[in-house]
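**Q** Submitted below is the structure of interest, expressed as structure tokens.
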Amino acid sequence: MDIIVQKYGGTSVNSPELRDKIVENVIKAREDGIATVLVVSAMGRKGEAYATDTLQNLIPAHYKDSRFMDMLISCGEIISTTVIATHLMDYGIEAISLTGGQAGILTDSTYGSANIVKVDGTYLQELLEEGKVPIVAGFQGQNEKGEITTLGRGGSDTSAVLLGITLKAKNVEIFTDVDGIMTADPKLVPNAKLIEEINYDDVFQLAQYGAKVIHPKAVDLAMQYNIPLKVINTSKYGESIGTLINNHPTNSAGLVAAVAHEYGKIQWSLSTKTRDKEIFKLMASNNISIDMINIFIDQSVFITNDIHKEKLIKILEENKIDYKYVNHCTKITIIGSKIRGVPGIMAKIMASLEGDISILQTSDSHTTISILVPTDVANRAVNLLHGSFNL
Ligand code: ADP
Ligand code: MG
């Protein structure tokens, strides 16, 4: 029996019409002789009743990453499983709603970002053999004591891939509200194009550099086990092919595959002569991750996410380090596994940006080049780069 795992994101489960689409998808797979396991996210986006953010705000923020918070925010996905399972039942499809733990996802006790210890697919296999459709709560597992843990942001993508690997699924389908992986975020770049096939490496980079359409951890796992991923628009299943992600090295057309961006960055410049080692250690022990790091003789420049602002200022002042910072920055990255060693890309980036768009900093790797720009010009910069690389 062929198995596919279908993951439905928050916007794909929160209306009766979309839930009808899910029913159609399950029926269609059945007709093709394929059994489905569904992984679902909490219904809706920020601000909506059962969305993760809404639940999270019911208790004070200092409970973040605690057992309490995980008990609370895991409810969003559990609600979805039952709403969808009963919807399938009403169409005559035997379905069963399951927590992550009931589906066999076992983790350690790192609340808020639990690590996978083991995935036991025995029960899911039994259910599939009985002809049932398991609907599994994404983004969660359970520890050895049976307590619910959550896997961190984007965790439902990871749940789906984990189950896909365990059940030796033919592929994992990620259903969402856009047509697939695009050459840039379509909400920001109106003429972003669908990428029909792309390799794991490029998507991993894309996800890592801010394209939230799929979570990097999920891509990394799929790559390790060579399980093909598809990203599909829930409301266009059957009409639009979406994106196929696999290990085909030549999959990405052109030199640059896509442009990604991440808002909410702060650029820091510290006057550091002798104490810099200490300060880097302190940032690490306070879980402040830094990026775009440039160390000079008398100064260190790097960026952080803006959520760390107050914490970092406190550390710097306590340690009497002179600092300056630039608020409201956006990191924009162009990605392509063919960038490797090609000359002139930075020149092209510079030429494509209009004069009033200042570049605050750059960094690069074999397959990416990133620039930091003020957020108020970021959308324009993303569109200009997207245009100049013919994406
Ligand atoms: P879901 O709730 O289905 O998991 P997400 O919000 O996590 O949905 O991811 C889908 C969103 O990712 C899209 O609505 C789109 O705005 C955004 N996105 C960012 N970059 C890209 C990209 N390169 N291709 C497609 N979507 C992207
Ligand atoms: Mg998502």
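Glycine too: its Cβ is placed from the backbone N, Cα and C atoms.
Pulled the feature table from TrEMBL, pasting it below:
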DOMAIN    3-233  domain 'Aspartate/glutamate/uridylate kinase'
BINDING   Lys7, Tyr8, Gly9, Gly10, Thr176, Asp177, Lys212, Val213  ATP binding site
BINDING   Glu77  substrate binding site
DOMAIN    327-386  domain 'CASTOR ACT'
**Q** Can you give the largest Cα to Cα distance in Å, as a whole number, for the residues Lys7, Tyr8, Gly9, Gly10, Thr176, Asp177, Lys212, Val213 that bind ATP in the record?
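**A** Taking every pair of listed residues, the largest Cα separation comes to 15 Å.
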**Q** Where among the binding-site residues Lys7, Lys212 do you find the Cβ with the fewest other Cβ atoms within 10 Å?
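**A** Least crowded of the binding-site residues Lys7, Lys212, by Cβ count within 10 Å, is Lys212.
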**Q** Thr176 (ATP binding site) has how many other Cβ neighbours within 10 Å of its own Cβ?
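**A** The answer is 23.
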**Q** Based on DSSP, tally up the residues of the domain 'CASTOR ACT' (327-386) by helix, strand and coil.
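**A** Its residues fall into 20 helix, 20 strand, 20 coil.
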**Q** If you count Cβ atoms within 10 Å of the Cβ of Gly9 (ATP binding site), leaving out that atom itself, what do you get?
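**A** Around Gly9 (ATP binding site), other Cβ atoms within 10 Å: 24.
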**Q** For the ATP site (Lys7, Tyr8, Gly9, Gly10, Thr176, Asp177, Lys212, Val213), what does the 8 A shell look like? I mean other same-chain residues with CB within 8 A of the CB centroid.
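**A** Result: Thr11, Ser12, Ser41, Ser156, Ile174, Phe175.
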**Q** Which one is it, among the binding-site residues Thr176, Lys212, Val213, that lies nearest to Glu77 (substrate binding site) by Cα separation?
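**A** Closest candidate to Glu77 (substrate binding site), judged by Cα separation, is Thr176.
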